[in-house]
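Some notes on the structure that comes next.
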Amino acid sequence: MLITKTAFLAFLLSSVPLAHGAGGNSSSPDARGRRCVVRSSNGTADDSPEVSRVFAQCATNSVIVFQEGVDYNIFQPIKATNLSNVEIQMHGNLHLPQNISAVRDIVNAGTSTWFTLEGPRVDWTGPEDVNNGWIKSYGQAWWDANPPNGTGISGRPHLMSYKTSQATIKYFRSGKPIAWNMKLHGEDIAVSHAIVDASSTGSFPFNTDAFDVQGTNIRISDSIMYNGDDAIAVGSDSHNIVFERNTIGYQSHGMSIGSLGKDASAFANITNLRFEDVTVIDALYAARFKSWTGGQGLVKNVTWKNIRVYNVTFPIFVTQSYYDQSVSRDGVDTESSVMMEDFTWEDFSGSINSYQPGDGSCATDPCWYNAGLPNLKHTEALVIECNTDKSCKNFVTKNIQLYPQVLEPASVICMKATAELNPNLGFNCSNGTFTSA
């Protein structure tokens with residue numbers, strides 16, 4: 001399913017209420033006494049020097065304005081890491097270079113991120129008009145340049161690193177990000193009414209994560225993410241994260257925790273996550289946890305609730321033996337795991353993709369997402385792969401109403417979620433027909 005009309009996006013956004021803060025309030029605009037308008041060359045030159053100049057001169061207590069309907073060429077990376085109490089009014093449209101070789105040269109020289117924004121109380125405000133406020137990255141050409149059985153060409157930039165606190169991000173819009181849309185780090189951040197459109201008309205858009213999140217008190221709501229990787233990926237150390245009233249799809253990899261434990265020496269620490277009232281369309285995954293064999297740490301108190309899925313291959317998926325088709329790992333302790341505790345999956349409804357399961361990210365045989373799964377039927381409502389009989393504790397499922405498109409009974413794959421540690425699991429942990437207890 002492809003996003004082809006901005007009117008459709010506008011309709012979806014207009015159907016949800018405005019979101020409020022995530023626990024902190026950004027500073028009053030009255031304290032931002034300086035208004036700085038970014039001038040545009042109107043397409044005749046590179047506007048990066050002007051943008052960098054304005055960010056440098058107006059780094060504190062300012063409103064930085066990209067004018068509505070105006071185009072800006074951002075042909076060089078922008079780095080503004082000393083911001084404080086700044087509102088970025090993104091009412092224009094930013095255009096990245098369409099010269100793939102030029103961008104790869106910049107990335108290979110050591111600059112991996114196109115926009116780097118850091119500082120407390122850095123707000124981003126786009127316009128309600130869905131035709132403006134876009135960052136246009138022209139990723140389609142990059143995706144189409146990927147060779148057969150490749151997983152994305154080298155030299156792809158991350159679009160944005162956004163590190164802040166006590167901030168709001170409203171009406172952020174990203175069109176065809178090349179890869180890795182936004183790395184969002186910090187505390188007390190509210191994101192609302194964002195659009196990330198990484199749907200492809202050709203080759204698969206590898207690594208087009210929408211939001212990679214790390215921090216405390218972060219809320220993402222009322223947004224649309226169509227992409228070829230995680231809509232949200234929560235990393236360590238993260239606490240009190242909310243993802244609600246969103247629509248995600250295309251060939252999304254869903255609402256994910258991790259991956260965790262790739263570095264066996266790092267202790268993963270994640271608590272209090274809630275994913276609620278989310279629609280998932282044509283995705284590979286809906287709710288997903290992924291950690292590597294040999295990892296260590298604890299993820300505790302996680303809920304996915306009121307999740308509607310349409311044509312999703314794996315609606316509920318847990319693996320403590322995550323596999324990356326581009327990475328080889330040897331010498332890890334196979335009995336070590338990132339521990340999972342107090343996980344709830346509640347009120348799931350909709351259809352399991354039985355007819356055309358999987359997605360375009362398959363570059364190996366077997367596909368990375370099928371590796372290690374016995375006798376897949378693509379009727380599975382749940383896949384629960386615990387690494388040991390002690391690594392999953394207090395798992396709960398309630399009101400799981402998922403049906404395969406072939407209209408057979410839903411099935412389950414479950415490994416080592418023991419009844420002793422999971423008395424309210426809601427079904428028998430075995431491989432076969434899914435039957436609620």
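Cβ coordinates are placed from backbone N, Cα and C, and glycine is handled just like the others.
Database features (Swiss-Prot):
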{"type": "SIGNAL", "residues": "1-21", "note": "signal peptide"}
{"type": "CARBOHYD", "residues": "Asn25", "note": "N-linked glycosylation site"}
{"type": "CARBOHYD", "residues": "Asn42", "note": "N-linked glycosylation site"}
{"type": "CARBOHYD", "residues": "Asn82", "note": "N-linked glycosylation site"}
{"type": "CARBOHYD", "residues": "Asn99", "note": "N-linked glycosylation site"}
{"type": "CARBOHYD", "residues": "Asn149", "note": "N-linked glycosylation site"}
{"type": "REPEAT", "residues": "215-236", "note": "repeat 'PbH1 1'"}
{"type": "ACT_SITE", "residues": "Asp229", "note": "active site, proton donor"}
{"type": "ACT_SITE", "residues": "His253", "note": "active site"}
{"type": "CARBOHYD", "residues": "Asn269", "note": "N-linked glycosylation site"}
{"type": "REPEAT", "residues": "270-291", "note": "repeat 'PbH1 3'"}
{"type": "CARBOHYD", "residues": "Asn301", "note": "N-linked glycosylation site"}
{"type": "CARBOHYD", "residues": "Asn311", "note": "N-linked glycosylation site"}
{"type": "DISULFID", "residues": "Cys386-Cys392", "note": "disulfide bond"}
{"type": "CARBOHYD", "residues": "Asn428", "note": "N-linked glycosylation site"}
{"type": "CARBOHYD", "residues": "Asn431", "note": "N-linked glycosylation site"}
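This view paints the features noted in Swiss-Prot onto the structure.
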residue	record	DSSP (3 states)
Asn42	N-linked glycosylation site	coil
Asn82	N-linked glycosylation site	coil
Asn99	N-linked glycosylation site	coil
Asn149	N-linked glycosylation site	coil
Asp229	active site, proton donor	coil
His253	active site	coil
Asn269	N-linked glycosylation site	strand
Asn301	N-linked glycosylation site	strand
Cys392	disulfide bond	strand
Asn431	N-linked glycosylation site	coil
Lowest local Cβ density (other Cβ within 10 Å) among disulfide-bonded residues: Cys386, Cys392: Cys386
Alpha-carbon distance [the residue listed as 'active site'; Asn82 (N-linked glycosylation site)] in Å: 34
Assigned conformation of Cys386 (disulfide bond) - DSSP reduced to three states: coil
Top Cα neighbour of Cys392 (disulfide bond) in the set of recorded positions Asp229, Asn269, Asn311: Asn269
Of Asn149, Asn269, Asn301, Asn311 (the glycosylation sites), the residue whose Cβ has the fewest other Cβ atoms within 10 Å: Asn149
Distance [Cα-Cα, Å, rounded] between Asn269 (N-linked glycosylation site) and Asn431 (N-linked glycosylation site): 30
Fewest other C-beta atoms within 10 angstroms, as judged across Asn82, Asn431, which are the glycosylation sites: Asn82
C-alpha spacing of Asn42 (N-linked glycosylation site) relative to Asn99 (N-linked glycosylation site), in angstrom: 19
Whole-number mean of pLDDT values that fall within the repeat 'PbH1 1' (215-236): 99
Sequence-distant neighbours of the residue listed as 'active site' in its chain (C-beta under 8 A, six or more apart): Gly228, Asp229, Asp230, Ala231, Ala283, Leu284, Tyr285, Arg288, Ser361
Number of Cβ atoms other than its own within 10 Å, given for Asn428 (N-linked glycosylation site): 15
